[in-house]
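S.K.: According to TrEMBL, the transmembrane segment annotation covers 94-114, 179-197, 209-227, 247-269, 310-338, 383-403, 415-440, 446-464.
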Amino acid sequence: MLCKTRFFFTQNSLVLNTLHRSKVSRLSIAPILKSRSFTFSRFLNNIRSSTRSYTTVGTTGAASTFPKASISDALKASVKQNPKVDPVISDKSVGYWLIGTSGLVFSIVVVGGLTRLTESGLSITEWKPVTGTIPPLNEVEWEEEFNKYKESPEFKQLNSHITLDEFKFIFSMEWGHRLLGRTIGMLFILPALYFWKTRKFSSHVKWKVVGLTALLGLQGAIGWWMVKSGLDEEGLAERNSKPTVSQYRLTTHLGAAFLLYLGVLWTAFEILNENKWLKQIKTSSDSSVINNLNTVFEKLNSPALKRVKLYAGALLALTFITAMSGGMVAGLDAGLIYNTFPLMGEDYIPSKNELFSPIFSRKDDHSDLWWRNLLENPTTVQLIHRILATTTFTALTVFHLYANRRKAIIPRHAAKMFHAVMGFLTLQVTLGISTLIYLVPIPLAAAHQAGALALLTTVLAYCSRLKKPRPETMHYINKLMKDQLMKQK
Ligand code: HEM
């Protein structure tokens with residue numbers, strides 16, 4: 001028995017950290033000290049940490065600590081001894097629900113893009129969160145809605161020729177977009193209440209869900225704030241714009257949707273990863289599964305991986321910023337000029353006079369010349385999107401080469417995900433260039449928007465595969481691994 005225990009101690013250094021608290025570990029200390037692969041300093045560390053607080057990670061020395069009380073509470077909850085305490089790890093059904101929600105958010109982004117591309121977004125001139133669910137049901141009601149639309153600047157300046165049937169189409173697009181938004185709200189809030197009540201959320205996920213619910217509500221309000229900018233005649237005159245929504249508000253709406261999507265998905269990945277580890281431990285029939293898992297945890301906790309994580313986070317942020325600059329291009333219809341790539345007209349970069357034109361300045365002293373051109377001049381905004389897209393492409397490619405040379409420190413399942421990143425990156429750049437060259441046809445532009453989300457999804461999945469387990473999770477897993485190895489003995 002001692003022999004097996006020694007194997008267990010020397011091979012499963014993560015488990016080691018929990019054992020000094022058990023009877024078995026006391027029995028086993030002498031053989032461990034003799035073992036070649038056991039270092040005395042690690043043993044001392046374990047002893048020291050046991051007098052202060054619980055050690056939660058393995059051999060790397062990068063231990064995180066937290067108070068005894070919270071751990072024992074959490075552990076009790078996880079083994080369902082105390083149904084009044086939240087579990088350490090959320091139920092996997094929560095993870096699946098969040099994946100479903102992220103799919104719905106993905107689809108509403110695409111529907112929103114189609115609503116913009118078919119120029120339907122300004123057809124409903126009111127915001128009625130509850131009664132707006134019911135569309136016009138007879139010809140009289142359709143006429144009423146059409147008459148309201150006839151008061152809008154879009155009808156007066158651009159659409160005075162449209163028929164009732166054409167109006168019905170643009171109304172249905174915008175109504176469908178809003179209805180999907182309400183449906184997502186319901187499909188998020190009602191299950192969240194159920195999971196909360198039945199204690200399927202860990203306390204850590206609970207507060208994330210509260211934050212995501214707030215962001216979801218805010219998104220509806222941002223949507224109406226955006227539409228209002230296209231209905232307000234004074235604002236349009238001030239912007240010197242045709243009746244379209246402000247590019248700032250469009251990008252805020254797009255950005256909030258992307259953040260909601262990424263937040264939901266990140267939480268889902270975390271829960272599903274944790275459940276996958278649990279399943280692997282619980283169903284492991286021999287120590288090799290646990291050893292493999294230990295190797296993964298060692299890699300995830302290793303200080304050598306810190307730099308890779310930092311780069312991956314920066315790349316996620318860069319891809320997000322590039323997507324937001326795409327929102328500005330879409331908001332200004334800047335894809336309808338300079339439809340060549342890589343050249344813009346005769347040159348790679350248009351002249352300085354065109355990029356920083358005084359036409360866009362609204363102050364007599366031109367003190368706003370720079371920032372107004374950077375954010376409101378379609379030529380400059382398109383150039384910025386090209387530069388950011390090229391930078392994103394180069395940075396992700398260089399990182400791919402860098403990561404390929406660090407196979408020893410990057411877990412294999414993370415490394416595999418980066419191949420998917422490269423695939424979606426290539427697709428996205430191809431779609432972007434095609435959208436530009438073919439003058440923004442609806443199918444290509446919609447695919448380019450969806451492609452941005454797909455690319456962000458893979459980069460986020462990569463980051464989540466590099467994330468080390470939370471201290472509470474690690475502690476719980478340590479305990480399970482110990483129990484499982486004992487059972488196998
Ligand atoms: C990493 C690469 C890229 C990302 C993440 C990205 C992202 C985006 C996003 C999110 C939009 C807004 C779509 C919408 O709201 O409808 C957009 C628009 C646009 N992008 Fe990109 N883009 C990338 C590369 C490119 C490239 C290389 C080009 C070509 C030079 C390009 C050209 C355009 C054009 C023309 C639009 C406006 C389309 C419209 O009006 O609907 N993009 N991009």
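Glycine too: its Cβ is placed from the backbone N, Cα and C atoms.
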S.K.: So, taking each listed stretch (179-197, 247-269, 383-403, 446-464) in turn and counting its Cβ pairs to the transmembrane segment (415-440) that are under 8 angstroms, which one gives the highest count?
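M.R.: Comparing 179-197, 247-269, 383-403, 446-464 against the transmembrane segment (415-440), the winner is 446-464.
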S.K.: With Cβ-Cβ distances below 8 Å as the criterion, list the same-chain residues six or more beyond the ends of the transmembrane segment (247-269) that contact it, or say none.
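M.R.: Residues 95-96, 98-99, 101-102, 105-106, 108-109, 112, 116, 205, 208-209, 211-212, 215-216, 218-219, 222-223, 225-226, 229, 320, 323-324, 327-328, 330-332, 375-376, 381, 452-453, 456-457, 460-461, 464 contact the transmembrane segment (247-269) from elsewhere in the chain.
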S.K.: Between the transmembrane segment (179-197) and the transmembrane segment (446-464), are there three or more CB pairs that fall under 8 A, provided the residues in each pair are separated by 6 or more in sequence?
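M.R.: Since fewer than 3 Cβ pairs under 8 Å link them, the transmembrane segment (446-464) and the transmembrane segment (179-197) do not come into contact.
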S.K.: Go through the chain and flag residues at least 6 beyond the ends of the transmembrane segment (94-114) whose CB is under 8 A from any CB in it; none is fine as an answer.
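M.R.: Sequence-remote neighbours of the transmembrane segment (94-114) are 173, 176-177, 180-181, 183-184, 187-188, 191, 195, 200-201, 205, 253-254, 257-258, 260-261, 264-265, 267-269, 271-272, 275, 442, 445-446, 449-450, 453.
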